[in-house]
Amino acid sequence: METQYPKLIEPSKTRIGWIGIGIMGSAMVSHILAAGYSVTVYARDLRKTKDLQTKGGRTANSPKELGEMSDVVFTIVGNSNDVRSLLLGDDGVLSGLKPGGVTVDMTSSKPGLAREIYAEARRRDCWAVDAPVSGGDAGAREGKLTIFAGGDSEIVEWLAPVMKTMGIVRFMGGAGSGQSCKIGNQICVGSNMIGLAEGIVFAEKAGLDPVKWLEAVKDGAAGSAVMRLFGEMMAVRDYKATGFAEYMVKDLGMAAEAAMAMPGTALNKQLFTVMVANGDGKLGFQGVVDVIRRLNGLS
């Protein structure tokens, strides 16, 4: 049963604010609108909000105004610098949020920044949750994301009705724990991506049909969610973005900042960095197979 802080979340009463209407964010907030919540969106380019306005969404002129108009504000943006500016800036969400309000940052960002946001929120008698997600654009469209939540357990439980419109919520611990969980997730995804890319290139160089090779191995020990989601796209060289390659570089970079010995992660980051350096940072993660192809003399 959801916690009644400060009163039970209800679509007819709880005002939701949203920042971030990119590949995933627009689908995620659409689920919240469909559930009957009142949603106000802030975007630097108001033209991007037109579709959400047709679904009943309103717009705010600044992050501060969004905070003033909302009980809960969700953010899912590009990087930690964006998060800092939008939440902690002089015209940021927390400068407008009333006591008792809650921020939920779903960006893949730094655990230390999540703890900083939490501390500032509490100083203002507000609350903050870090809640990055996994599942890509398909999970966002289908409302089947996995949400890694860090913060106060009672607040995360209180948020459950609205967060469950977007996927499954996994509470990980105190502030920053959600972000640490997401970084660990990306370490595994990055490693799986490189292994899958190398397997496909090996199959091609060995004279096998990469698609048939995938069919042959997917139900054995080599099978994985990464293979299911990205294998055929890699094999046919469909690099439509479900998540930008440049974001994988960012995420693996945050893992490197943890100052732990992770040689595989360091190598994987280098390979994705090469992809970005080739001008392919806005392609999907699966495009890293082209880096492996080039290393093996394939065009």
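Glycine is no exception: its Cβ is also placed from the backbone N, Cα and C atoms.
Taking Cβ-Cβ distances under 8 Å and a sequence gap of 6 or more within the same chain, the neighbours of K182 (active site) are S108, P132, V133, S134, F148, D251. Annotation comment: Swiss-Prot describes K182 as active site, evidence class similarity to another entry.
Taken from Swiss-Prot, the feature NAD(+) binding site applies to 14-43, S108, K250. Following the DSSP three-state reduction, the secondary structure of S30 (NAD(+) binding site) is helix. Within 10 Å of the Cβ of S30 (NAD(+) binding site) there are 21 other Cβ atoms, across all protein chains.
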By a 10 A CB contact count over all chains shown, which of the binding-site residues listed here is most packed: W18, Y42?
W18
Only counting partners 6 or more residues apart, tell me which same-chain residues put their Cβ under 8 Å from the Cβ of A34 (NAD(+) binding site).
K55, T165
